[in-house]
Amino acid sequence: MPLNRTLSMSSLPGLEDWEDEFDLENTVLFEVAWEVANKVGGIYTVLQTKAKVTGDEWGDNYYLVGPYTEQGVRTQVELLEAPTPALKKTLDSMNSKGCKVYFGRWLIEGGPLVVLLDVGASAWALERWKGELWDTCNIGVPWYDREANDAVLFGFLTTWFLGEFLAQSEEKPHVVAHFHEWLAGIGLCLCRARRLPVATIFTTHATLLGRYLCAGAVDFYNNLENFNVDKEAGERQIYHRYCMERAAAHCAHVFTTVSQITAIEAQHLLKRKPDIVTPNGLNVKKFSAMHEFQNLHAQSKARIQEFVRGHFYGHLDFNLDKTLYFFIAGRYEFSNKGADVFLEALARLNYLLRVNGSEQTVVALFIMPARTNNFNVETLKGQAVRKQLWDTANTVKEKFGRKLYESLLVGSLPDMNKMLDKEDFTMMKRAIFATQRQSFPPVCTHNMLDDSSDPILTTIRRIGLFNSSADRVKVIFHPEFLSSTSPLLPVDYEEFVRGCHLGVFPSYYEPWGYTPAECTVMGIPSISTNLSGFGCFMEEHIADPSAYGIYILDRRFRSLDDSCSQLTSFLYSFCQQSRRQRIIQRNRTERLSDLLDWKYLGRYYMSARHMALSKAFPEHFTYEPSEADAAQGYRYPRPASVPPSPSLSRHSSPHQSEDEEDPRNGPLEEDSERYDEDEEAAKDRRNIRAPEWPRRASCTSSTSGSKRNSVDTATSSSLSTPSEPLSPTSSLGEERN
C-alpha cells in the first residue's frame, strides 16, 4: 500500500518550525478504542479532537477501529465502500464468516475513516474466545460482567481484523496499532500472542484501580507503593478487568499515559513505567480579533442571566450586574471531582462576603448528571413566570409606544396620565402578584430519585446554603447534561462555559482534566489542582499560572481542611476583582490556548508511534533517543504589567469602578499608559520559548532508503512533566480526611 506523503509540522506562534519530515510510505495506522463514534467519556473527546492533526499526518492511511452502535452510525457515520482492495477483501472475508463489519467516514472535523465491529453479532463465539483467552493469557472473565465480555468480543474481532488485513495486503505494510484503555486492551494482547507483525501502543487515560481507590476515600498518593494491587482489585470485584489492563500495558511495544501524575500511578499499580507521556489537546479556534471571544462571553452570560431571573423569581434581590457565575462539571464522582471541597469552600466564601458587606453575589452551578425522574415543578414554574412577565412588559410597551407615536404624529405632547389605562395596570399588578413566593428558590432543578442520600444535596443541607435572601452565595444543582433544547437552561455546554466567569475543578483524582482545558481555550479562568494532569502540565509551562487565570490548588501537601481554605482564598480574591481586571485576565487566559493545541501536543503521539515502529521492525526502523538533559522546555514568565496576579489584584488607579470599560477600546482612566492590550499580547507571545528538541533520532526505512526523523522520548516527558517529578514514596503531607 504505497503512499508518498510527508508531513512538515508548522509551529505555534512564537515557536520555531518543527522541520522533521516523516516518510509514511507503506505504513498504516489503526487507532483502536471503544469510544470511536460512541460517546461515553473523555476518550471520545481525545479521539474526536485529535483526528484532524493525525489525518493531516497520515492521510488515507489512518483508520479508527471501534464498536458498531446503531445510534452512533445513524448520527455520526457515513457508511462507504472500502477504498482499497486489501481492506475490501478483509471486510468481505470477515462478513462471510459470521461477523458484521462496517466501514465509513466519521462526520467530525478531519473526517477520518472508521472500521466498526458489531460486537453483539459475534456473541456466538464468546465462550470459545473466553476459553482461548484463558489458555493464552490466563485471564478469566465472569459471565455476569457484560462490559468485560464486550471487551473480549471487541478484542478478538480487532485482532481478527488486523490479521486478515495483513494477510490480504499484497505489499506487506508496516502496521501501527494504537489501543486506548483496557476495553481495547485484549486486542493488543492477542496481537502479541499470535505474533502478528504489528507495532503496538497502549495508552491508559486513567487506571482502573486508581479510580476505584480514590472513590473510596483512600489516602491514595501517600500509599501508592504500599497497595497490594491484587488484593485491592479482588476486593472490588474488578480483578479480571485489572488483569486485562495490566497485560495490555506489559505487552505493548510502547506504553503511554496522559500525564506525569498518571505515569507515577501506572508505574506502581500496573508495574510498568510509561515510555512517553502524551498530554491531551484540543482543536483551538483562534479569533481574528481579541474582542470576539469577549463578545461571546457577554452573549452567553445573558442567556444564563435569563435562567437565573426565572429560577430566583420572588427572591431576585441581588444585582445581576454584580453577580459572578462559578461552575463545576463532569462525571458525578463526589470526592474524586472535588465537589466536596467546592461546597465547603462556598460555605466559607458566603461567610466572608456577608461579614465584609460585599455587594457581589456568586451563583455556583453544579453540572453533574445523576438519577432523576423529572424536572422540579417549582423550577419550571419560575421559567414560566419569567416568560409571562416578559410578555406582559412587551404588551404594555407596544400599547405605550403606539399611543406615543399617535400623539407625536399630531404635533402634541402626550398626557402621561392617559398613556396607560386601568386594564394595563391590572395586567401589571397580576404579573407582580405572580412573582410572590413563600419558599426559597430550589437548590436542585430536577426531582432526584435518591434525594435523601445524594451527596451534593446532603452536604448542602449540612452547610445551610438554601438560597436565602441573606446568602451571598447561591447554589444550583443541575443533575443533567446541558442541551440547547432544555426548557430550563437552553444552552449547550460550550455556550454555558463561555458565559461563566470561573470554572472550579478541585479534583482529587483527575488523570488529565478536559474541563479546565476547555475553559482555557475559551478564555475562562479556572481552578485546577496539582493532582490533575492539566494542573501539573500548566504548572510546568507557566511561571505564575494564577496571573494567567489558571489557579492551582494544592491537594498534594495540604490536608482537606487546608485545601478548602486555599480554595476559599482563591474564590474570595476572584470576587474582589473589578470588571476591568477580569477582562484582562480572560485575555491572558485565552492566549494560553496555544499550549493545548493538538498541532503542538500531537508531536508526542508522533514520537510514540516512531518508538513503536523501531521496536517492532528494528530491521527497518531505528530510534536513537538523545540524552535526557538535551531537551529543554519553556515557560511563560509572570506578566509584568498591571494588574498583577488575580489572587493579589489591586486597583490600577485611584478611581477604580465597576463601570470601567474594555481596555482594548480606548483610554482607561489615569493608568491607560500602564496597560496596552496589544502590547501585552505581543509580549506574551514573545515569552513562549522554542523547545530545544534534541538532535533528531533517525528512523530509517530499508525500502525507501530515506531517513525518518523522530522526537526523543525524553523530550516528551520533560516538556509535559516536571524534570524532577515527586517520588511516590515521598511524603505528600497530611492524610486525606
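From the backbone N, Cα and C atoms, a Cβ is placed for every residue, glycine too.
Here Swiss-Prot flags His205, Arg211, Arg331, Glu510, Trp512, Gly513 as UDP-alpha-D-glucose binding site. Taken from Swiss-Prot, the feature alpha-D-glucose 6-phosphate binding site applies to His291, Glu292, Gln294, His297, Lys301, His501, Arg582, Arg586, supported by similarity to another entry. The feature phosphoserine is assigned by Swiss-Prot to Ser412, Ser641, Ser645, Ser652, Ser653, Ser657, Ser672, Ser698, Ser710, Ser727 (among others), with similarity to another entry given as support. Swiss-Prot lists 634-737 with the feature region 'Disordered'. Under the heading compositional bias 'Polar residues', Swiss-Prot lists 698-714. Residues or ranges marked as phosphothreonine by Swiss-Prot: Thr700, Thr721.
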For His291 (alpha-D-glucose 6-phosphate binding site), the one of Arg331, Ser412, Trp512 that lies nearest, given that the recorded positions are compared by Cα: Trp512
Spatially closest candidate among His205, Ser412, Trp512, the listed recorded positions, to Gln294 (alpha-D-glucose 6-phosphate binding site) (Cα to Cα): Trp512
Lowest local Cβ density (other Cβ within 10 Å) among binding-site residues: Gln294, Glu510, Gly513: Gln294
Fewest other C-beta atoms within 10 angstroms, as judged across His291, Arg331, Arg582, which are the binding-site residues: Arg331
Same chain, 6+ residues apart, C-beta under 8 Å of the C-beta of His297 (alpha-D-glucose 6-phosphate binding site), given in sequence order: Arg498, Gly499, Gly523, Ile524, Arg586
His205 (UDP-alpha-D-glucose binding site) CB neighbourhood, other CB atoms within 10 A: 22
Pairwise Cα distance maximum in Å, UDP-alpha-D-glucose-binding residues per record: His205, Arg211, Arg331, Glu510, Trp512, Gly513: 15
DSSP-derived structure type at His205 (UDP-alpha-D-glucose binding site), helix or strand or else coil: coil
Environment of His205, Arg211, Arg331, Glu510, Trp512, Gly513, the listed UDP-alpha-D-glucose site - residues of the same chain whose CB lies within 8 A of the CB centroid: Gly42, Ala206, Ser507, Tyr509, Pro511, Tyr514, Ser532, Gly533
Least Cβ-crowded entry, counting other Cβ within 10 Å, from the binding-site residues listed as Arg211, Glu292: Glu292
Between Gly513 (UDP-alpha-D-glucose binding site) and His501 (alpha-D-glucose 6-phosphate binding site), the C-alpha gap once rounded to whole angstrom: 18
Around the Cβ of Trp512 (UDP-alpha-D-glucose binding site), the count of other Cβ atoms that are within 10 Å: 26
Those residues of the chain, 6+ apart, with a Cβ under 8 Å from that of His501 (alpha-D-glucose 6-phosphate binding site): Leu324, Tyr325, Phe326, Ile524, Pro525, Phe574, Arg582
Packing count at Ser412 (phosphoserine) (other Cβ atoms within 10 Å of its Cβ): 9
Alpha-carbon distance [Glu510 (UDP-alpha-D-glucose binding site); Lys301 (alpha-D-glucose 6-phosphate binding site)] in Å: 28
Glu292 (alpha-D-glucose 6-phosphate binding site) and Trp512 (UDP-alpha-D-glucose binding site), distance between Cα atoms, whole Å: 28
